[in-house]
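The following features are taken from TrEMBL:
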- 485-507: compositional bias 'Polar residues' (COMPBIAS)
- 357-452: domain 'PFU' (DOMAIN)
- 523-789: domain 'PUL' (DOMAIN)
- 465-514: region 'Disordered' (REGION)
- 9-40: repeat 'WD' (REPEAT)
- 101-132: repeat 'WD' (REPEAT)
- 140-170: repeat 'WD' (REPEAT)
- 179-213: repeat 'WD' (REPEAT)
- 220-251: repeat 'WD' (REPEAT)
Amino acid sequence: MTYTLSKTLLGHEQDVRSIATCKESGVIVTGSRDRSARVWRPPYADADCTVVAGHHSNFIVAVYITKPTPAFPQGTIVTASNDRTANVFLPDALDQPLVTLAGHTDTVSAIGETAAGLLVTGSWDKNVRVWDGGECLSVLSGHEQAVWAVLGLPDGDILTGSADKTIRVWRDGSAVKTIRGHRDCVRGLALLTGGAGFVSCSNDSTVRIWTMSGEPLQELFGHTSFVYSVAALPNGAFVSSGEDRCVKLWNDGACVQTINLPVPTIWAVAALPNNDIVVGSSDGAARIFTADQSRVASDDALRDFDDQVAAQSIPSSQQIGDIDKNKLPGLEGLSVPGTKDGQNKIVRNNNTVEAYQWSAAKGEWTKVGDVVDAVGSSRKQLLNGKEYDYVFNIVIEEGKPAKKLGYNTAENPWMAAQRFVHENELDQFFLDQVAKFIMDNTKGVSLGTDDAGYADPFTGGNRYVPGNRAAPTQNYGNNPDPYTGGNSFVSGPGQYSTPVGANNTDPFTGAGSSSSSAPASTGYFPQLMFINVAAFNYAAISKKLRELNDALPSGFYKLSAADLAEIDELARTLENTAKYHSSEISPSVFVLLNKIMAWPEASLFPVLDLIRLVVLHPSGVRHFAETAGHGKEILLSLIDAADFSNLEGPEANRMLSLRFFANAFSLEPGRVMMNANRSTVLQAITGCLASKNKNTLLALATVLLNYAVLFGTTRDKVAESTVFSHLSKLILADLDDETQFRACVAIGTLLSLWDAGSRKNAAIAAFATKLQSSPTPKVASCAAQLRRLVA
């Protein structure tokens, strides 16, 4: 029984994270990072695909097809997302959810079903919920980390697998057993056909078989990295997939076939009723593999697939280390058969080193890629017992030790970023920023070059601070701080760190791996990351808030001691950024903030400063964005407080309201809010273009830059023209270097969206030419890039 490619299902724009199949009909459901699910019906042609989109505000992490019932004879389709909800659809009514399951406080990462037909969801909030329709019947608490897998057993029990390395058995709402054995996160669970037991997979690279009572039967080795998914086939075999470019077929406790794919990450694997296998991967494709010759793909499709697999570049860190190429066997080495499925062999083909893997099913060596030198410094770095091509220092909070992020060039950047987020208990909004940082600073590898370092395009420094959440104070000339009268704080300089090298041990020979350095990226646009202003000094805010509260005229709400204590607690929540994933802002806080917003105009700036920080917190931005009109209420309140058209009003109100607008782009609900109200915001801030205050102008440039980034994924020609018009006027003002730079990046990002003819603009060309003589290197360099763009 040899599995071969049958079909490739294309349509998703990003990783296929999850797959579900229907035992009765053979329907396939795929869920993706592009926030959509797709329903594929046999024979799985493009015309047989239905897209389910627009119902989640974040990535789809899990999908599931429920069993048919008298009420739902076709079953239902369930999607779960990073937006903390799960949606239930009727198969013939995919335009609108039948019900939305809300209650989890973090990503809904797993879906299952009990023997009685109740839905079960697992979440990064460490809890499991059992649902009947839209009603949550019970919450199963006990895991110490995220829940990655749920499985209903025939006897009514529920199994859950967690990042705390355990599997738990639940009965009647209580944990009755904890199963230990895996040495890392438990990622997947599957019930073996025939009720012989169940199988689990883990980040420890193993697959384990257990009896139904949770006794260990066998530990299976073969994967070389994280194992994300397992699925049982009707014929009694089962399959597994993970972060090592392959799917493994297991039968009778042994790996009987390894299917190599042309991508590093295979997120999900599922079985069809005809014993075919469906695989979802990081290239956005779902592939069906079959052992039935009547369903095998065409010769051209098979040849193309094999060529894609063979064309992969595999780092020497995974294959040969410091072995002398001239001492490797030539192609004649492939004449000796392998001893087991999945065995690796490296050979020299002229000046190319090629990696092959033995296929026991085919009885031949299959090329799986060309081996390339590792990157980084002279050696690989050992981090937490694992070796990486790059190790970056990531500063989450100024004044505290940097966090280490390890990355290998053959790895999925999103997976490395997600691992970093999980290990450091960070909020999910860091994911995009960290992944983008990895991609920017590891691309364009040129073997044999010197390490050029990494330059932050906004500061020129060499240590990266995600989202500038806690940047140090930096002064910008004579701009009075509303608390002290001194110069005001703004986003300060961050730095990247260069990769660090260390000895690497080759898994095949024990030798060290060779390495070289990767040059830094020098492009400034199109900018893909949103910029925020997150630094704050609560001691100053608190002092000023109390002073103004004591001096309030009669008729205004005066804060009590309990109110001030609640605001102090809010500040502690906002300061503890590492716990944003699990902390919540109390609803009573928003009631209190609304009362303070009714204070006199001259006394508003402390609460405005707090509110622009609240929007950086996941629960804060959700509260603002979920009000009527996608957050229009809070935006109008800030516009009123800022009084943008009246330059005689308090400057701090304008600057802090603009900082709120900039910060609102940091998280997805805020981006939806700013996009839905773009006309209102862009019209209101027009008055700021005449401001002489450098902090206000810097905040304005940041808002316009974030809109330019947003339009890269949400096009709107009218709004784009408005932003361009604002920028064209802004650059005529007396700007400091940082504001010039952000305006330059914003213009370049916006023009990058337009065709070449629309980019030509004499005024922008003159602006860029003038900036090319700037004494600040990053400004001059960015201006040169902009000048080339508009030429």
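Cβ atoms here come from the backbone N, Cα and C positions, even for glycine.
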Within the repeat 'WD' (220-251), residues counted as helix, strand or coil by DSSP: 0 helix, 18 strand, 14 coil
Long-range environment of the repeat 'WD' (220-251) - Cβ separation under 8 angstroms, sequence gap at least 6: 3, 184, 187-194, 199-203, 205-209, 257-271, 273, 275, 277, 279, 289, 312, 318, 342, 368, 411-412, 415, 507
Average model confidence [pLDDT] within the repeat 'WD' (220-251): 93
Beyond the flanks of the repeat 'WD' (9-40) by at least 6 residues, Cβ under 8 Å: 46, 48-54, 56-65, 68, 74-75, 77, 79-81, 91, 94, 265, 267-274, 278-288, 412, 414
Residues of the parent chain within Cβ reach of the repeat 'WD' (101-132), under 8 Å, 6 or more residues beyond its termini: 61-64, 66-67, 69, 78, 80-82, 84-88, 138-141, 143-156, 158, 160, 162, 170, 173, 428, 581-582, 584
Helix, strand and coil residues within the repeat 'WD' (179-213) as assigned by DSSP: 0 helix, 16 strand, 19 coil
Residue distribution over DSSP helix, strand and coil in the repeat 'WD' (101-132): 0 helix, 19 strand, 13 coil
DSSP-assigned states of the repeat 'WD' (9-40) in counts, ordered helix, strand, coil: 0 helix, 16 strand, 16 coil
